[in-house]
Amino acid sequence: MTQSQDLELAARRGDGDVPYYPPPGIGAGGEELDDDGRKKRTGTVWTASAHIITAVIGSGVLSLAWSTAQLGWVVGPVTLMIFSFITYYTSSLLADCYRSGNQLTGKRNYTYMDAVAAYLDRWQVWSCGIFQYVNLVGTAVGYTITASISAAAVHKANCFHRKGHDVDCSTYDTMYMVVFGIVQIFFSQLPNFSDLSWLSIVAAIMSFSYSSIAVGLSLARTISGRTGKTTLTGAEVGVDVDSAQKIWLALQALGNIAFAYSYSMILIEIQDTVKSPPAENKTMKKATLIGVSTTTAFYMLSGCLGYAAFGNAAPGNILTGFGFYEPYWLIDFANVCIVVHLVGAYQVFSQPIFAAVETAAAARWPNSKFVTREHPVIAGRFNVNALRLTWRTVFVVVSTVLAIVMPFFNDILGFLGAIGFWPLTVYYPVEMYIRQRQIRKFTTRWVALQVLSALCFLVSLASAVASIEGVTESLKHYVPFKTKS
């Protein structure tokens with residue numbers, strides 16, 4: 001056997017770090033194929049970073065001034081840094097689970113659940129599916145709420161500019177939710193993640209734009225001296241809140257920060273768009289570092305400057321709570337950027353749900369034309385599938401109706417962050433890493449990982465309870481289709 005054959009065999013067995021890359025195939029239509037027979041992936045560290053930034057810098061950034069106000073100058077920034085470190089660390093563990101075995105030639109896991117199934121037990125696969133898809137559906141609902149609030153804020157900003165700041169400019173959010181839903185029906189017909197790269201890049205630009213505007217306005221207000229009262233411990237008991245409210249709101253703030261960093265549930269799906277060589281896990285770790293470090297910088301600026309500007313009275317949504325009235329045209333532009341960004345972010349988080357249902361349907365009814373047949377439209381440049389058209393439309397309609405029924409920004413964000421952070425960002429990546437590296441029980445590394453998981457579980461549980469309490473309180477004063485914001 002020659003030396004080159006020895007190296008190839010070693011790579012196939014996963015021995016050492018031998019760089020063996022299977023030759024690409026050629027499809028029936030002449031297109032290049034990857035080692036799994038699928039269309040050759042073209043994603044890079046930059047497109048993956050764009051997907052991550054689109055997913056991470058979402059509506060969560062708008063609540064960080066409020067979250068910092070609940071926690072104060074000490075705990076607020078420290079919490080942001082801790083969550084960013086945990087997210088980066090566990091995301092790096094998860095990136096190594098895209099392929100089973102050798103990182104160059106091992107079997108690909110196309111979804112988060114595929115990765116869990118490759119390493120963990122059957123009950124963990126089912127529980128993962130429940131956590132992941134409930135969180136993804138909830139995120140779609142949350143983004144619909146946020147987009148409608150931002151769209152309504154454009155109307156309010158213009159109203160305040162024309163009629164004065166003391167005028168009642170409240171409006172119904174329902175109409176804006178319906179319009180956002182109609183837009184999503186059209187965009188949801190894009191077949192998969194690979195077709196979303198351009199939308200993610202546009203959305204990432206939008207997220208940078210409105211985050212920068214929020215930071216800039218907060219900085220300007222701080223420099224002008226028109227600031228609110230700030231403290232080391234945040235909202236003061238007996239002045240801003242009572243003792244019970246202090247606890248509930250601080251726990252909700254933790255949930256909001258957790259939601260602000262949530263994207264692990266789609267990390268594997270993003271990684272599946274990345275080309276190789278180099279190995280996908282290496283590209284994904286670089287993209288994760290770029291994405292998380294970039295968003296953390298924005299989060300620190302947004303949270304700290306927003307708190308400095310408004311103090312303990314910081315609004316729940318810094319761009320729609322009308323701490324800022326002027327320049328109204330800049331407020332309008334920022335809120336339009338939010339809406340455009342959430343159009344893309346909604347799709348990034350919904351695509352795994354779409355893919356799961358459609359893959360299961362194709363496996364169950366492989367000969368059904370309703371399920372598998374593609375109909376070319378627009379001179380053959382775009383395909384429409386009957387199942388895709390029907391089921392994705394139903395999904396968008398249901399998520400829109402849920403948003404109309406429960407449009408509570410901070411409470412919903414806190415709840416979503418709480419129920420998704422521990423299982424999807426911490427527990428499953430840690431357990432898969434332990435199984436993959438065969439870390440023995442009660443060793444130093446095993447104990448450290450279990451302590452990390454346990455602490456995150458307690459934080460998630462407390463935040464979930466606090467957010468449920470907040471939703472319960474909000475429901476006492478809300479009537480669907482009648483209450484204005």
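Going from the start of the chain as shown, residues are counted 1 onward.
Cβ coordinates are placed from backbone N, Cα and C, and glycine is handled just like the others.
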Checking feature assignment: transmembrane segment per TrEMBL, candidates 196-220, 246-270. Which range matches? 196-220
If you check TrEMBL, which stretch out of 1-22, 287-308, 353-374 is marked transmembrane segment? 287-308
Annotated stretches the transmembrane segment (71-90) and the transmembrane segment (389-409) touching (3 or more Cβ pairs under 8 Å): no
Same chain only, please: residues at least 6 beyond the ends of the transmembrane segment (415-434) with a C-beta under 8 Å from a C-beta of the stretch. Say none if there are none. 60, 86-87, 90-91, 93-94, 96-97, 112, 115-116, 119-120, 124, 127-128, 131-132, 134-135, 138-139, 142, 254-262, 264-265, 446, 449-450, 452-453, 456-457, 459-461, 463-464, 466-468, 471
For the transmembrane segment (45-65), find every same-chain residue at least 6 residues outside the stretch whose CB is under 8 Å from a CB in it, and list them. 80, 142-143, 146, 193, 196-197, 200-201, 203-204, 207-208, 211, 214, 218, 256-257, 259-263, 266, 270-271, 273-274, 283-284, 286-288, 290-292, 294-295, 298-299, 302-303, 305-307, 309-310, 314-320, 338, 341-342, 344-345, 348-349, 409-410, 413, 417
